[in-house]
Amino acid sequence: MNDRTRLLTTLDPNEDPVTGLERVASFTNENAEVRRRHREQSQRELDESHRYKSHTNIEKEGAVSSRYESLNYEIVENELYRAEEVESGHQRKLFRQSVNRWVVCFFIGVFTAIVAAVIDIMIYYSSLIKFRLIISNLLNLCEKRMEVGGGCIWTVEFAWICYNCILITVSACLVLYLSPIAAGSGISQVKCFLNGVEIPGVVRLKTLFAKALGVACTVAGGLSAGKEGPMIHSGAVIAAGISQGKCVTFSFDFHIFEQFRNDREKRDFVSAGAAAGVAAAFGAPIGGVLFSLEEGASFWNQSLTWRMFFAAMTSSFTLSFILSVFHGVGGFLSWNGLANFGVFENHSYNIWEIPIFLLIGVLGGLSGALFNFLNLKLSRFRNKYIQSKCQKLMECLLVAAASAFTGFITLFLVNDCQPIGRNPKLTEVTKLWCRKGQYSAVANLFFQSPEESVKSLFHSPTNSYAASTLLIFAVEYYFLSLWTYGLSVPSGIFIPTLLTGAAWGRLVGVIVEYMFPNVTGIHPGKYALAGAAAQLGGVVRMTISLTAILVEATRDITFGLPIMLVLMVTKWVGDLFNQGLYDAHIELNEVPILGWCAPELSRNILAGHIMRRDVVTMMPKERVSRVIEVLCATSHHGFPVIDEINSPSNEEEIPEYGHLKGLILKSQLITLIQKRVFCEDPDCRILVDGSELVQLCDFADEYPTKLQLSERDGNCWLDLTPYMHPSPHRVTLNASLSSIFHLFRGLGLRYVAVVNDENKVLFTMLFLLFCYTQCVHVIGHWRIDLQYSTSDMDDFVSLGSITMDRTFDNNYTAHFQSSVNPSKWQNDLLQAAKNGWIYRVRADSDKEVVQGYNEPCLMLQTNGAHHFRLLLDPDHQNLQSLAVFPENLYSVGTNYHSCETELFVKDSKINGSVVVNTINELPLPDTVSYIRKMEKERQARQHGAQQDNRSFIQKYWMYIAAALIFMVISNATAAEQNGE
């Protein structure tokens, strides 16, 4: 019997696999306990003998799917749903519902624009306070005291750093103490939500407040962050709130749009909100729709496209109206969103410049891949060492101070003063450290809003920036953006990467202009645009939507083809190394989502390999007590409804339940219990007193977390037939992973039942478990670095590493790779043997350093062949112990302590094998509770089963026999020990 068969046969068809109670069927099963004990013993033997070949930082089994739940996007076509269609006035109801969808999309666009305008206005006034009230007054004071160029510059810098740190403190506190989910741009969380994963708090009002106010403080605080990315998250939160017609944060219900209170409608409106956020950020309605298609919405239809475009267009024009009124040009509806990059005038490109644009795409792919790689390393470091709120706050303040200090020290060291006539829009800070009539190009990049800096790089005259200035700024801002993204503050990555790419793209333009001085029409601004697109595309790996966004933001279709070519090459190059930043952080947070395509080499992976084995089923009519017990004992959100329970004829076969009749959700069961839809008898001919009539809209309400039931209620019955989904999706055991993927992805399913050829339920497959199965090939690769020492001092040197891969069926393959010089290793062990030292090997664990020991002579006599044994705790992701032995110790003979050189081969290659054991402690059974539950269940006697009138010996003979055998063996062993 193979391992998989053992795993599948650990379930008893007559026992609930979660509660441990005997499911009394219409037949008796005398051998159930014998089979159960046999299977438990087989499972224990399997756990003890299951050894894997290596590890480092082992992931907790099922960690990807255990922390999140999926959303219900499938329509439950039960009897209530079908009965609603035949009611009078149903057509008028559908028409009102269609009109209300457009009304909701209109309000989504309006309120998203209002939030965007409020953020922009807050940043504007904060900049006025910083530049005019604080910095300008300090500079004027310095001029009066004739201290400009002396120590006064440090006073200005100190004031600048203090003001920035105050704003960053506000932003970080909003995230740390109000809404942790508001950190970052929020695009990753919105993408997961639209993919069908429920992220707690992602669309709450407090998240919107923390995101809007926090991103305003972040940008005004001088961090390398943008406000455009968080606008997408803000639009999604606004859409979710308006479409539900209530506020969960303040427990307030407006009693409007109640027909949209389901996950399916909410998903569509959140897609429209994301599009409206992009339109408000960049003034790009078409780009917003394409962004939701490319990065957000997992499910698409034509009517949704129109509503999304309507919401995006409404958002764009509403924002234009508000900002035009604020800036004193009311009625001017051509404002270009929050990110105004200006218009390219009289700029064109020639065909010979296409290869240069392609080269820029290659550079963008390489720099973006490096950015994502380093940011993931930094994020893992933060997750491991920066965990408390105080530490996170201090990190935010450190980055704010470092960002301000970097700008000032660059301004001090780089002398790039330009005539003021080239850039009339200047502040007092940009004139620092330059003569009158001049301004600092470095200050023009560091000490104004990132959007204005991008606009300056696009449209400034040819000689506005020196090549050294562009190079230094690009490198510094690249690493500042890398350091900033992932802090506990709301921040976006769009504008920082655009600014970084625009700097090195303009540098490429300067180089091209220098190489071809006689060619006209070479303006560095168009190369800055190409570099900005390449850098952003290299980080986020967007193509279609980013092309539309940049074309709409610059209001020029002329550069549409170069931008498209740059982004295509950038994505191709970047994908050779790693994935986009948003997808990488989704994987880092272990959120299970479905991609666009099925995983490679998945046609031979069948449903029988990846289905969930702890299925809990229900009968069409169930006792209320058992329903409550199952809901309390399981975390399942759906239960197959079957007609009977079948016992397998052979104990080695997979246990089978009855024919699949439907699927009932956890939320439906709780609603039914809350409404007390109970019957007094199994046939449900008489309802109990106090039962309420359940309507379809009742299932959209929030259900309580606690239910008050009496003991009499527990003996009542629930008829699930009118409320269950009578036609759930199902697959057979031989369905491939690829086909199941398209089923989940195309229909937005949460559950799929696995049945046999007779439509009998075997197991179920969950959306999250299915996502986890795909992710194994991504997250199942680890590495342990090993070091060795041959002295009493802790002078460890590198020995090699152990790499391990986990396959889809949770098996492991491992390899040891040596990195030490064999001659040096042998000399070290010879010296250790002469001095009486031991051979130590250590590995760094997450919790502590673990070491293994052995005699140097033994290791030498086996010619450096190591045998490693690791003990892992997969639940806590910790390496418990490490042991090192010589391989093939039997070949050494009796000369265990002899280190004669003739006993081993000089300069032999260091190799080794690895065996990994895991700690799998079985939970101790609660015997008293089990006996009480079993007695209660037997008293209920579901489905009219007969009482068990067998004698005590007949019932429990297997326990008595086992106890007698154990006593005999124990006495015999004790006698042998005494004799010895």
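Each residue, glycine too, has its Cβ placed from N, Cα and C.
Predicted automatically and left uncurated, TrEMBL annotations should be read as such.
What TrEMBL records for this protein:
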- 32-52: region 'Disordered' (REGION)
- 40-52: compositional bias 'Basic and acidic residues' (COMPBIAS)
- 102-125: transmembrane segment (TRANSMEM)
- 158-178: transmembrane segment (TRANSMEM)
- 309-334: transmembrane segment (TRANSMEM)
- 354-375: transmembrane segment (TRANSMEM)
- 396-414: transmembrane segment (TRANSMEM)
- 465-486: transmembrane segment (TRANSMEM)
- 493-516: transmembrane segment (TRANSMEM)
- 528-550: transmembrane segment (TRANSMEM)
- 611-682: domain 'CBS' (DOMAIN)
- 956-975: transmembrane segment (TRANSMEM)
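Only pairs six or more apart in sequence are counted, and the transmembrane segment (102-125) with the transmembrane segment (309-334) gives three or more Cβ pairs under 8 Å, enough to call it a contact. Non-local neighbours of the transmembrane segment (309-334) in the same chain are 102, 105-106, 108-110, 112-114, 116-117, 120-121, 235, 239, 272-273, 275-280, 283-286, 288-289; each lies 6+ residues outside the stretch with a CB under 8 Å from one of its CB atoms. Here the transmembrane segment (396-414) has long-range neighbours at 153, 157, 160-161, 164-165, 168-169, 171-172, 221-224, 432-433, 440, 442-443, 446-447, 468-469, 472-473, 476, 480, 483-484, 487-489, meaning same-chain residues at least 6 beyond its ends whose C-beta is under 8 angstroms from one of its own. The highest tally of CB pairs under 8 A with the transmembrane segment (528-550), across 354-375, 465-486, 493-516, is held by 493-516.
For the transmembrane segment (493-516), the residues of the chain that approach it from at least six positions outside its boundaries are 185, 224-229, 281, 339, 356, 359-360, 363-364, 367-368, 371, 445, 450-451, 453-454, 457-458, 462, 465, 467, 470-471, 473-474, 477-478, 480-481, 484-485, 522-536, 538-540, 581, judged by C-beta separation under 8 angstroms.
Across the domain 'CBS' (611-682), the prediction's mean pLDDT works out to 78.
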